[in-house]
Every structure is written in C-alpha cells, then in structure tokens.
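Q: Taken from TrEMBL, the feature domain 'Cdc23' covers B:14-248. Look at TrEMBL and you will find B:541-570 tagged as region 'Disordered'. Residues or ranges marked as repeat 'TPR' in TrEMBL: B:241-274, B:309-342, B:343-376.
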Amino acid sequence: MKISGKMTELIEKYRKLVQKYLDLRSYNTAMFWADRVVVLTDNSKDVFWLAHCMYMEKQYHRAAFLLKARNLEKKNILCTSLAAKCYFEALDLEQALQVINNSDFNTPLTEGNIPPDIELGFLEDTSKSHAISSFLLLKGRILAAMDNRSLAANYYKQALRYDVYCFEALDLLTRYQMLSSQEEYELLNSLPFAEQCSIEEVEIVKHLYEMRLKKFHTPMEPKIPNLFASTPDCIRSLPGSIISTPMSSSDKMQIDSCVAVILSKFQTSLDFKVSQAEILYYNGDYDNCLKLTETVLQKDPYHEGCLPIHIACLVEYKQSTKLFSLGHKLVNLYPNKAISWYAVGCYYYVINNNDSARGNLTKATSLDKLFGPAWLVYGHSFANEKEHDQAMAAYFKASQLMKGCHLPHLYIGIECGLTNNVWLAEKFFEQAQAIAPNDPFTLQERGLICFQKQEYEKAEQYFNIALEKIRKVKRGPLTPMWAPLLNNLGHVCRKLKKYDQALEYHNEALILNPQHPATVSAVAFVYSLMDKCDEALEWFHKALSLNRDDTFSRTMLNSLLERAADDLLPYSDSPNELPNFKQSQR
Amino acid sequence: MDVTDIKIDLKTMKQDVLRGISQCSERGLVHALKWLSELNFSLNHIKLLAEDIPLVHEDCGEESATFLLAKSYFNLKEYDRCAFFVRNCTTPKPRFLHFYARYLAIEKKKLDNMTDTNCPPDPTQNDEMKALCSELKNSYYEDQLDGFCSYVYGIVLKKLDLKSQALDVFVKVVQKEPVLWSAWYELGKLACDKYNNILSQVPDHWMKYFFLAHTNLEQLNNDEGLEIYQKFYDMGLKNNSYVMSQIALGYHNNRKLLEAIEMFKKILEFDPYRLDNLDIYSNLLYVLENKTELADLAHKVVNIDKYRVETCCVIGNYYSLRSDHAKAVLYFKRALKLNPQFLSAWTLMGHEYMEMKNINAAIQSYRYAIEINARDYRAWYGLGQTYEILKMPFYSLNYYKQAQMLKPNDSRMIIALGETYEKLDRTENALKCYYKACAVGDVEGSALIKLAKLYDKLNDVENATAVFTEYCLREDEKKEKIPEEQPEYYSALQYLANYYLRKGHLDDAYMYAYKCLECEQTKEQGKALLKAIASKRIEQDDMEPDNEVSMSATREEDTKNDSNNMDLTF
C-alpha cells in the first residue's frame, strides 16, 4: 500500500513535470519523463502525452507508431487527430488519410452525426465539439493537400459549424478562395453563433469574421473614412450597422455600448488595418493603401496577411528597389514560405525580366500548391510577352485552384479577347460575372468585347453600369485606375456619334491621368470628327509631342493639314469674295 | 475698362502688402515675396500709424517646432527632407510647406536629371507629379485646401497640362488670397481665351489692376497695358523696377525700340544689378545692331551672375550679332539647362539653328517654345519657315496661320502665308493674303507685285492693272534705280504698256513702253511694243469712224497679249 501510494505520488509528480516542461518548450525533457510515466502506468492517457511530446520534438513517425501500437488511433478521437497530424506533418498524406478513415468516428461524422462515445479524458476542458472540429479540420487539410479541394472545403465548413471559434477553417476557406463571395456570406450567416457564444460575443465574432471575407468582388468603402486625417493610429468612427437582437432597449443599449468599446479596441488591431488596406487596394487607392501597409509592417514586419497586399501595391507603383530588398529579406528569413519567393518573382516581373520571374513563381507554387496569386502573376508574365496561350494555361491553373475567385476567368477572357476569340472571351466573362456580379472590371471587359463586336450601345451600357458601381462607393474624384473606363466610354460615345459626351469623358480621363498620349489623340480624333479643325490640329500636335511614334496621330495630322489648306478663309477676318484693289489716292 | 476709373488707396495697399510679405516669407514663396517687397519699397513714402501696421499671427500650435525644422530644411533646398517632417501636420502653414516642398523636390529632380541629356524631361515620366496631383485633388474636393495650398494644386495642374482646371483653381486662390502675386501671374498666363470670363470672377482688389496690366501686355494689347502702368507710375510707384520693366516691355512689343531702350537704361541706373528682363533689352540692341552697347551689357551681366538665364541669353544674342552662331547656341543651351521653361531662349536658339541650317534642331527648339507658351508668334513663324525648307507646305501653312492669328497685322506673317498658299495652288487664298498684307502696310514691299501677278493669273485684268500701276508709282518714288536689279518693275511696265495698248490708250501705252527701254531684258519687247503702238496709231487715224473693225482689232490683240501675259508670270 505504501509502495503504491508512493508510486501514485511519483506518477502525479512526473505528470506535472511533463506538463511543465511542455509549457517551457523543453520537449526532450518532457518526453523523458512522459516515457517514465508510461512505463509506470501504461495508461493510454499517458501514452497520448508521450506521443504529444514526440510530435513536438518532430519525431512524427515514432509518435504515430506509438499510438498505433496501442490501437489508440482508432478508438480515441484525440489520438486519431494526433496520429493523422503526425503523418500529415511528415508529408505522408496517404497514411494520414488512412488513419482518419480507419478511425471509429469517421463514418458517423461524415454522415453528419455526432458519435456518442467520445472519450475526452486526456485533455481537460476540451469539449466534444472542439475535438470534432479539429478532427474535421485536419481531414480537410489532408484532403486539400491531396488536391481534393471541394471535399476539403466541405470539411472546413463542418469544422466551423462544430466550433465557430475555429478560425483556421475560415482562414483556409478565405485565403485560398475556396468559396465565392455569396457562399462565404451564406456560411457566415449559417454559423450557430448564438448557440456557442454569449450575446455580446455574437456580434464581435461575427464582425471579426466579416473582416476576413472577400473584398474585391464588389467595390466597397473603407470603414474609416479619415484614416490619415490626423495620426493613423487614432480611430474615430465605428461601424454603424450591427445586427440587432430583440431585447429590452436598455439592455440592448448597454450591450451595444459594451460591444462598441470592444470593437473599437479591435479596430486598432493590425488585422483590422490589413483588411482596410485590402479594401483600399481594391478601390485603387494605392497611395493610402501603401501608407497603411507600411504602418502595419512597421509594427509587425512579417505580418502574413499584410505582405501580399503590400507586395501588390509595390508592383502597382513599380517600386522595384523596395521589392528587391523585401524579397531578399523574406527569402533569407522564410525560405520555406511561398510568399517569399512570390515577392522575388514580383520583383523580376516589375523589372520585366519575365523568365526569372517565372522561375521564382514556380518555386513559390511548389512550396504552396494553392498559392493563387503566384499563378496569376505567372500568367501575367506570359501576357507581358504576348504569349497568349501560355498565359491562358497559367490562368486556367489558377482558376482551378481558386474556385471562388473570378479573376482567373477574367484574365482568361481578356487573353481570348486579345487573340480575337470574341465568343470564347464572352463565355469566360460570363463565368467571372457569375462569381462576382458587381465587379466593375468584369463589366468593363464585357463592354470591351461588345465594342470589339461593334455592338456599341450594349458596350456603353456595360461601361455605364461599371461607372455607376464605382461611383456608388467613391464620393469625390475617382482614382486614376479608372481613367481607362472613362476613355472607353469616350470611344463608345464617339462611335455612337455623341461627340460632346465623348469629349467630356476623355477630358475627365485626362484629369485622372494627365498627359496620356492615347487619350490626347482620342480627344483630337473626336475634334476632327466634329470638323473642328483647329482644335483637332492642336490636340494631334500635343499627342505627337507626348509620343512621337504615334502613327495614327501623324497620319491624321497630315490629312487634316491638307484639309485645312482647302479652307476658304486664309485668315480670321478674310473676305469671302476676291477683294477689289483700291488704288491709294496720291 | 477705363484707366481713369482706377483708384487705389495707397494706405490699404501698403497694409495688404505688409501682410502679404509676412505670409509669403513664412511660406518660402520667394518670387511673390520679392514682388511684394519691391512694391513695398516703392510705397516707402506712405507712412502708416503704428496701429495700422497689420500683425499677422499664424500660429501652428504644437506643430510650430516641426514647422521651423522643416522650414530650415526648405531654406537649404532639402525639399524631400522638409516634406517628410511636415507630412502629418494639419495646420495650414506646415501643410502648405509639405505640398510645396514636394512639388519643388519633383521639379528639382527633373532639372538635375537634365544635366546629362540635352532635352527637357519626358512628359510621360512624371508619376510622382501625378500622385501629388491626385492627393491634392482629393483634398481640394473635400475643401481642405486653403488659398496657398490651392496655389500649389494650381501649379501642379498646370504642369500636367490640365489648363482649364488650373484656371478654376487659380481663380479660387486669388479670391482667397488676393495678395499672392504668383497666382495672378499664372492666371494671366492661362487666361487667354477665357479672359473676359475670368475678369468677372476675380475679386475687386487693387491687385486686379496689376493683373489687368500684366495680362494685357501678355496678350499683346500693349496700349491698354501701358496705359495702366503709366497710371501706376503717376500714382507714386516711381521706383518700382517691376512697373518700369513692364513699361519697357510694352514699348518693345509696340516696336517703339528707342523708348524701350530708354526705359531699360533708366531701370539700370536705379537698379544696376537687376537681371530680370535684360534678355529683352539685349533683343532690342540686337535688332538695332548696336554692337558696342550689346557688348557692354554682356560684360556687365557676366560680372553680376554668370549662371542666370538672362545672362546667357544676352551673351547668346551678342555672339549671334557677331554671326558666331555655334557659340550663341552654346549659351542658349546653357540658359535652358538652368531653366528649361525659359521661353525666349528656346525661340532664339531656334533662330540660331536656322542660321546654321540645322533644321531638325530648329524644329525641336521652336516646338519646345510653343509648348511653353503657345502665344509666341516668332516660334510659330520659325516653325513655318523650317517646314518650308523641308518642303512640307501643308505643315508650314498651318504654322504660319497660327503666327498670323497671333499677330494679325504683321505683314511678314501674312505674306508668308500667301506664299505658301501659292505653292499649294490655292491662288484665291494667296491673293486674299497679299491683299491683306498691302492693307496693313507692307514692310518688305513685296506684297504689291505678288498681288498684281495673282490678279493677272486669275485674269482679273482691271485689278491687276490697278495694282501694277500702284506698284510702279511706288517704285518710281524710290530714288536709286539699278535697272538690272529690278526685273519685276520692268515686267510690270511691260504689262501696263500691253494693257493700255489693248485698250487703245496709246499715250499711256507709249509712256510705259518707253520706260521698258531702260533695262536690257525688256529692251527688245519695249521696242516691239513701241512699234505696235506706232502702227496702231496709224490704224486709228485711218479707221476712226468704223467701230466694228476696231473692236475686232482689239480682240485680235487680246489673244496676242494673252501670250505676253504668260511670259509675265514667270
């Protein structure tokens, strides 16, 4: 009795030691003592912890074998998860999936039932749903790694439903563009927040998740209008729309104010800023976006969510030196992350070294197969060289990876349009529009295809809708990004013989993007069609001074000059008839 | 507007000027500051009471330390550094400094990059300016720009060739900050075709009169401008070198060369180290071919500042007058390196290149001149000439037209236009041009004979005769006559003799035919004419009563004369 009492005491002590050393990240020590405990007790809970220590020590196969030897991976959901995770980390996907599929919980869970006998004794304060959620999440990740993305998405969704706090599932869904925007919203609305969170939490969690959703499918306004009015850190306004729940008004007020305080705290978080930067980026406000990402990266130089946006901004501004140093830094520090090689690839893309760009982008995609942006830039690098077919192939790949993103379809359509395959282009634009019906870019491209098909009225309609969508969110002057849209409107109006309107649009485009040679020559062309010879001459001259190799302007100028010579009025106040000479009186 | 209406209370003017001086000096607006200080100096005789002296308090509050730091960098021309420190400021002064420093930084970099290449920067490579513009645009839209910041917005717009927007902005600026001379100045440059529209929008401030005068000169309404300046001068702005040089400029534009030179001499007496506008002075001396004074001026200005645009232009003119065109070009180039926006250097360089027969370079120079100021008729005219040499008459026609439009009463432009029309076989238009040239007073004296020939070509015998007669009368008035050098004159005589012979005015015909004998080339034909006249005389004496026969005889001679006419046109 005494011995056994002593032993239990010892076992308890060692168990505590294991936990302590785990907390202190001394995994080897923890493993040693865990092993002692297992020897003493041969308890499956202790085996689980030993396996956990091995996992932390990156001895994946050993851990998995340990669990398998005792058949724990079948009976206990936590052990199943651990064993599968071990194989997953060891990149042994087949095995991992096998472990999951062979466990007792797999069948009921896939059928949507909660298995009744889940033993959770190993981990205190872990609820059933948490364990199931992590199990499902793992299964999803394994499937995604095996290129079975649609099934994976399903498991992520389930994982989220079992545990609304399981952010990783949401993150994976959104980051890899697995769902279309509509599906994302449906998912968010179907999550059982009310069952799993307290009342005030519902809104907070929902709000935090909303921030992560897609932003580029439709133009929207950044939540903080005066982001830079004073200091960027101080945030003034709060989001106004919060879903109200029926309750007595005073209670509601109280909770609302409490929620508001918490949310305003969250607004100072970097994640929030990054989401605002994304909105700014997609609105074409690169300037403010860059400022915001720079402030974020000052506080957290390797913020994962911020880097892609930051890189995109730098590409937009063609700041090759900054991209160069950023790429170097990232590759040195995180050679195993796709984003590092993506940055390098973008650098080469910006300096027009397309071959090297592709080399680095391939590296990025080999590190993270699902990294869509790399595939898109890969396509752009081909498009840059007018290699339309290869560009399309790259975009196709991207479209398979990013089911919920319309951009690949849009780019494929553009390439089709460039190769004069109007019909096919239209098909792709339709697909893109089905995913993102409000995207002004897609609308613009559709208009362009109509223009190519000489259906000018339809084209005008598309352009106008696009413009409307943009104006809805942006009060005041548009960003220079939209100058081409205005120019397109100008071209269409010219084709429809609405010359005054065409001039207006072109002039507006010039305000957005001054001294653009093509716009200037378009203005000149409209003037020449309006028979305003002098203005046309002036503007063609301007166009040629901006771009000397503009053959269109040169030809037009020549013909206009010849036409001007036929003018019957050689100078402004000249008589129409031949004058009669009056001899001076002498 | 009537000049007598101008009434300025010099006291309020002085108060405004003092306020403006303090505002501009705080903001580093050096040119406006210089202008205002000169004005203040000429108002020295106006005494203000102590309580009337305006005190300008523009407190930056907590940002004043930042502002002072930034301003010190600004004064050292470290613009980027200056802009960086005031980037987040909200009070008007540092905010202005931020935008202005950014603008100047962009401009300075552009200029620095020019030292290697010899042409102005590529206009399509100005993304930074566009970024600055869109930032200012957003603030302007939200009405967050004060007068001075709007001024920066205006100049940025102008740089980006958005003239009508810039115009609106400058109108706003002068409404808000009427003493900011730079804004008025830019307004005057931009206001060409909407001038009257602008006038109704600008505030009724005493600055408006300076603006009016300046713009009038700019638009070559010299008399109106001069009148206003004279009024200022009479009102007590005696020693204002700006007003004086504007008056000189007006004289120059009016081709009152001697008065202009007189004025420049006065200015130099009062302010001997002033270099502004001295390039105009050198132009005057150049036109008068006054080599000694030009050399003297060149030496003086070199001593003052070798690296000023005006200095370089004076020296360039000096070398040009000595026909050392390569050296002249060198100096004009130097001027343009110092300031690529210096209009007259571009035009003058174009002229030099023309002299050196470097047509392409001339075209480039003229084009840049026009880009800077589309109202420079000399550059347009030069362009027309270059394209004439290149045998591209359609182009030169267009450029001459522009030049003529700007200087409607200058016979040189209109004759050039006529000649081009002639080359293009647009005879009627050419004729109209020559007609106008005669009407406005033909400087070179070639319009009349050209007009006559064209009338002749169009078979308008009456008009042709009238013009030929006028031409001969004018030629007769000239004293020295060397027959061999005036083939035009003698062919005119021949034409007239033929005409009168046909008409049967035998006495007139005889007179003209006789004159033809003076010249070798027309001698033979003159003799033949005299013979014809003599035989006609006999015929007339014989057949006087019978009209029919004489009619047919005239007709016969008509055909004969036609062939003569053909000769004449060569």
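For all residues, glycine too, the Cβ spot is worked out from N, Cα and C.
Unlike curated entries, TrEMBL annotations are predicted automatically.
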Q: As a quick check of your reading of DSSP, tell me how many residues in the repeat 'TPR' (B:241-274) are helical, how many are strand and how many are coil.
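A: In the repeat 'TPR' (B:241-274), the DSSP-based counts are 27 helix, 0 strand, 7 coil.
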Q: So, by DSSP, how many helix, strand and coil residues make up the repeat 'TPR' (B:309-342)?
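A: Once the DSSP states are binned, the repeat 'TPR' (B:309-342) shows 27 helix, 0 strand, 7 coil.
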Q: What residues elsewhere in the chain lie close to the repeat 'TPR' (B:309-342), defined as a C-beta under 8 angstroms and at least 6 residues from its ends?
A: 111, 114-115, 118, 120, 275-279, 281-283, 285-286, 289, 291, 294-295, 297-298, 301-302, 348-349, 351-353, 355-356, 368, 372
Q: Quick check on the repeat 'TPR' (B:343-376): DSSP residue counts for helix, strand, coil, in that order please.
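A: Counting residues per DSSP class in the repeat 'TPR' (B:343-376), I get 27 helix, 0 strand, 7 coil.
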